[in-house]
Amino acid sequence: MHLLCFLSLACSLLAAALIPGPREAPATVAAFESGLGFSEAEPDGGEVKGFEGKDLEEQLRSVSSVDELMSVLYPDYWKMYKCQLRKGGWQQPSLNMRTGDTVKLAAAHYNTEILKSIDNEWRKTQCMPREVCIDVGKEFGAATNTFFKPPCVSVYRCGGCCNSEGLQCMNTSTGYLSKTLFEITVPLSQGPKPVTISFANHTSCRCMSKLDVYRQVHSIIRRSLPATLPQCQAANKTCPANYVWNNYMCQCLAQQDFIFYSNVEDDSSNGFHDVCGPNKELDEDTCQCVCKGGLRPSSCGPHKELDRDSCQCVCKNKLFLNSCGANREFDENTCQCVCKRTCPRNQPLNPGKCACECTENTQKCFLKGKKFHHQTCSCYRRPCTNRLKHCDPGLSFSEEVCRCVPSYWKRPHLN
C-alpha cells in the first residue's frame, strides 16, 4: 500500500514539473548523478521489460533506489535520460524520436531536485549499521539495586527499512567494543566501581527472510498490483492544440512533455515503447540509437549496404532488378544477377555467358578423326566408301583413315 502511495505521489510530482526548466550546468548534473549513485559502467537493461502481474510486483517491491525504480518502469527512457545527463544536460524532444539520428529528451518529467530529494531520503533509510544508544542495565539484565553511570552507551546496531515486507534487517557480522563504566550498588557499601564491559557492535547488515510460522497459521490477504498500469476510467477529453490526452495520468499533456508515456495513437499492448525502436539500442557513449548487436556497414559484405532505418543489410543495386537481361534473375541473397536457363543434357550451361554450349566442337572432333555435328553437338565418323576386305599381313584396316595401316598403329576401337 505504501508503494502504491509512493508511485501516486511520484506521478503527481512529475506531472507538476511539466514546465521545462533551464539547462543545468554539467557540474550540477554530475553532482546529481553522484547523489543517485550512478556509475559510468551501466548494467545492460536488456529488452523492454514486460509489465505482468506478480513479476512487476516483485520487482517494484525489491527496488532500493530511484535509479532501480525508474529502470524497472521505464528502462530505455531512463537510460537515455542518464545518458543525456552525462553529455552535459538535456534537449527538447523531437516529436519523431525514432527517425532522427539523435534522440532528444525533455527535462520536464525529470525534475532533478525532486528525484534527488526522494533518493537521498531513500538512502538514509536503508538497512545498515546505525549508531544507537542502549541502556546498559537492560542490555545485560542487571539486578534492580545495581545501575551504571553513564546509564547508556553508544554502539552500532542494524536498523532501517528493507525493500520487501517479507524481509527484516539483520546483522551479518558482529564485533565487540569494550566500554569502561561506573557500577553502583545500593545500599552503598563502597564507592562507584569502574568496570569494563564488552558490547556487541554490528559491522554489517543484510535484509533477511522472516520466519513463516505466523503466515502458516494466519493467511494474510493482500491486494495485488494490477497486471498493467491502470487506465483512466473517464472518457478521453478534447484537448487544446499541441496537447494530447494521457490515459495513465488522466489529463491533457503537452506533446513535448511526453517522455515516460508513448503517443496514445501508437500504444503497444503493454503501453510502453523502446525509445530507439525494435531493431536499435542506445549507445551510451554517443547518446544515439544504433543498430543492435553492433551491426555496422562493414558487417554487410559485398554488394550490400546497411539500411539505418530497419538495421538490415540490403542490396545496393536493388533498384535495378529488371536490368539482369534474358534468362537471368536477381538473387536477393547474393545481390547479383544469376542465370536461370535450363539446358539439354548434351549442351551444358556456361554460367558466365548464361548460354547452353556444346561440349564438343570442330577442333575436338578433328583430333578424334571425326566430324562435328552441330545439331546434336556430337562427333561422328563417316563410313568408309573404299573399305578393303583384306589387308596384307602385318596390316589392319583403319576406320579412321579408311586404309590399311600397320597393326601396331591401330588403336582400340572405342566406339
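Positions of Cβ are set from backbone N, Cα and C atoms, glycine also.
These figures come from a predicted structure and were not determined experimentally.
Positions annotated as signal peptide by Swiss-Prot: 1-31.
Summarising the annotation, Swiss-Prot assigns disulfide bond to CYS127-CYS169 (among others). DSSP assigns CYS127 (disulfide bond) to coil in the three-state reduction, outside any helix or strand. Here the Cβ of CYS127 (disulfide bond) has 21 other Cβ atoms within 10 Å, regardless of which shown protein chain they belong to.
According to Swiss-Prot, the feature disulfide bond maps to CYS158-CYS205 (among others). Sequence-distant neighbours of CYS158 (disulfide bond) (same chain, 6+ apart, CB under 8 A from its CB) are CYS127, MET128, PRO129, ARG130, CYS169, MET170, ASN171, HIS202, CYS205. Taken residue by residue with DSSP, CYS158 (disulfide bond) is part of a strand.
Long-range Cβ contacts of CYS162 (disulfide bond) within its own chain (separation 6+, distance under 8 Å): CYS127, GLN168, CYS169, CYS207. Feature annotation from Swiss-Prot assigns disulfide bond to CYS162-CYS207 (among others).
Under the heading N-linked glycosylation site, Swiss-Prot lists ASN171 (among others). Counting every protein chain shown, the number of other Cβ atoms lying within 10 Å of the Cβ of ASN171 (N-linked glycosylation site) is 19.
Marked as N-linked glycosylation site by Swiss-Prot: ASN201 (among others). Listed in sequence order, VAL155, TYR156, THR174, GLY175, TYR176, LEU177 are the same-chain residues six or more apart from ASN201 (N-linked glycosylation site) with CB atoms under 8 A from its CB.
The N-linked glycosylation site annotation in Swiss-Prot covers ASN236 (among others).
Taken from Swiss-Prot, the feature repeat '1' applies to 276-291.
The region '4 X 16 AA repeats of C-X(10)-C-X-C-X(1,3)-C' annotation in Swiss-Prot covers 276-358. Mean predicted confidence for the region '4 X 16 AA repeats of C-X(10)-C-X-C-X(1,3)-C' (276-358): the pLDDT average there is 78.
Here Swiss-Prot flags 300-315 as repeat '2'. Counting residues 6+ beyond its ends, the repeat '2' (300-315) has Cβ neighbours under 8 Å at 99, 279-280, 291-292, 332, 334-336 in the same chain.
Tertiary neighbourhood of the repeat '3' (324-339): same-chain residues 302-304, 315-318, 349, 351, 354, selected by CB-CB distance under 8 Å and a gap of 6+ residues from either end. The repeat '3' annotation in Swiss-Prot covers 324-339.
With helix defined as DSSP H, G or I and strand as E or B, the repeat '4' (343-358) counts 0 helix, 4 strand, 12 coil. The annotation repeat '4' is assigned in Swiss-Prot to 343-358.
All chains included, 20 other C-beta atoms sit within 10 angstroms of the C-beta of CYS169 (disulfide bond).
Within the set of disulfide-bonded residues (CYS205, CYS207), the lowest number of other Cβ atoms found within 10 Å of a Cβ is recorded at CYS207.
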